[in-house]
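Below is one structure; the comments refer to it alone.
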Amino acid sequence: MAERSWSLGRALRGMFVKPVIDENTWEDLETALLTADFGPDITERLLEELREKVERYRTTDPRDLQRMLKETLEEHFAAFDTTLRLTERPAVVLVVGVNGVGKTTTIGKFAHFLRRYDRSVVVGAADTFRAAAVDQLATWAERGGAAIVRPQQEGQDPASVAFQTVEYAKNTGTEIVLVDTAGRLHTKGGLMDELGKIKRVIEKQAPISEVLLVLDATTGQNGVMQAQAFLEHAGVTGLVLTKLDGSAKGGFVLAVQERTGIPVKLLGQGEGIGDLTGFTPHVFVDALVS
Ligand code: GDP
């Protein structure tokens with residue numbers, strides 16, 4: 001993987017070419033981790049674990065510290081199962097999150113990602129209050145090679161669109177259903193009730209395989225606070241971090257997992273149709289540290 005904006009590589013480079021580990025090394029490492037948005041708690045824990053390892057192995061070689069950093073990060077990431085569960089037929093995925101985080105774009109990219117694995121996909125436009133949102137989703141669905149089920153009129157009950165989308169999948173043998181939902185924050189209570197209803201209606205027809213909460217990585221910890229209601233009420237099973245391109249916050253991926261207890265399952269790294277990847281911890285840590 002080429003060097004990304006969120007890679008620690010540049011920040012660490014000077015540190016690991018020094019002849020020996022000294023107090024400056026630790027200070028530089030702390031600054032690098034905090035800058036990458038690991039957050040103070042995780043940064044402190046990582047530094048403690050690393051100091052312990054350095055002592056245990058009686059090394060003063062910064063290259064050993066680099067290896068240990070990689071190992072330690074991998075251990076932390078490995079605590080989460082980042083695999084997408086899409087084995088049901090149809091596999092129904094509900095995509096939730098506040099407006100502007102990249103939900104619609106993610107659905108288009110995800111459809112494209114699944115099409116590359118030869119999966120048939122239908123998207124459901126259950127954000128029925130803005131006609132523009134439906135049109136935007138239709139454009140992305142087309143680019144992603146997915147069918148779309150639209151509301152028959154503006155403001156149609158979102159749960160009924162979700163129902164029709166699952167029905168479409170069952171009737172046509174479509175393998176994956178991606179349901180877009182509304183993200184209006186000012187009607188939080190109403191929105192959570194709406195999501196609850198969508199879930200109940202879908203579950204009458206098919207189990208829900210994943211509820212993916214989309215978070216904008218550039219907003220970091222604030223984004224998590226904004227999404228708290230979804231975390232509390234929507235039964236989230238996985239996170240999608242968007243806009244990681246152009247963000248220096250690679251550490252946020254671990255911070256958000258530890259803070260919410262929910263694994264990151266997809267990463268969005270650009271506005272192009274191909275800019276979504278599954279989340280493979282060791283590949284990510286490799287790119288983060290090297
Ligand atoms: P929604 O309101 O949550 O459905 O958000 P949209 O899908 O409409 O996205 C909002 C904006 O974020 C759009 O301008 C997208 O092009 C942009 N966006 C979404 N994902 C990414 C990403 O991974 N990287 C970048 N740079 N921009 C993104």
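Numbering starts at 1 and runs along the chain as displayed.
Including glycine, each Cβ sits where the backbone N, Cα and C put it.
Caution: TrEMBL annotation is automatic and unverified by curators.
Sequence-distant neighbours of LEU244 (GTP binding site) (same chain, 6+ residues apart, CB-CB distance under 8 A): ARG4, SER5, TRP6, ALA217, GLY250, VAL253, LEU267, GLY268, GLN269. Annotation note: LEU244 (GTP binding site) sits in a coil segment as assigned by DSSP. Marked as GTP binding site by TrEMBL: 97-104, 180-184, 242-245.
Cβ-based crowding with a 10 Å cutoff singles out LYS103 as the top-ranked of the binding-site residues LYS103, ARG184. Annotation note: GLY97 (GTP binding site) sits in a coil segment as assigned by DSSP. Among the binding-site residues LYS103, THR181, ARG184, residues whose Cβ is positioned under 6 Å from ligand 1 are identified as LYS103. In three-state terms derived from DSSP, LYS103 (GTP binding site) belongs to a helical segment. Note: THR181 (GTP binding site) has non-local neighbours LEU94, VAL95, VAL96, LYS103, ALA126, ASP127, PRO158, GLU194, LEU195, ILE198, i.e. same-chain residues 6+ apart with C-beta under 8 A of its own C-beta. Taking a C-beta cut-off of under 8 angstroms and a sequence separation of 6 or more, GLY100 (GTP binding site) has the following same-chain neighbours: GLY183, ASP216.
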